[in-house]
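Remarks on the structure that follows.
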Amino acid sequence: MESADSGRSDPVKGDDPGPSFVSSPPATPSRYESQKRRDWNTFLQYLKNHKPPLALSRCSGAHVIEFLKYLDQFGKTKVHVAACPYFGHQQPPSPCSCPLKQAWGSLDALIGRLRAAYEENGGRPDSNPFAARAVRIYLREVRESQAKARGIPYEKKKRKRPPTVTTVRVDVASSRQSDGDPCNVGAPSVAEAVPP
């Protein structure tokens with residue numbers, strides 16, 4: 001009895017005269033790739049809703065900073081203002097009315113994803129607004145101000161230098177030559193190799 005698709009060959013059984021590979025459905029994107037796509041779509045939507053609407057080709061570092069400031073309204077990190085009695089306290093004892101903002105780490109990661117997405121979507125690296133100097137300066141200022149406001153020092157991680165190897169030269173040859181055997185120069189004797 002023949003099935004309805006008997007005219008097709010089965011690549012799994014090996015009777016396919018074509019290429020020897022089996023095509024599989026595209027792999028599901030990683031969390032990073034999914035987040036990058038969502039971030040990219042959010043940024044494009046922001047440009048579309050911008051007054052006046054802004055084309056990606058006309059986008060600059062200033063527009064990226066404006067976008068980051070816009071995102072602050074959705075933040076969940078309490079950032080104390082200078083006049084707040086809890087300014088500089090890591091664990092304030094009671095609630096205050098200071099604003100919630102996007103955490104510096106979240107903004108930094110977002111910019112990294114958008115920077116990559118821009119180039120993956122045809123943007124030139126030399127015109128990438130997410131890599132603009134103004135954006136880097138803004139992120140640095142956000143990091144420093146949040147560190148002061150929350151009492152958390154953000155210290156740059158110092159690179160661990162590889163340990164320096166000190167070589168010590170031991171002159172074994174002079175003690176060997178005193179034994180009178182020129183062939184054993186530099187080679188340990190069995191008596192020296194075995195502990196007493």
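Easy rule for this one: first residue shown is 1, then count along the chain.
From the backbone N, Cα and C atoms, a Cβ is placed for every residue, glycine too.
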Per Swiss-Prot record, range annotated motif 'Nuclear localization signal' [choices 91-95, 121-125, 156-160, 176-180]: 156-160
Model confidence over the domain 'ALOG' (31-158) (mean pLDDT, whole number): 91
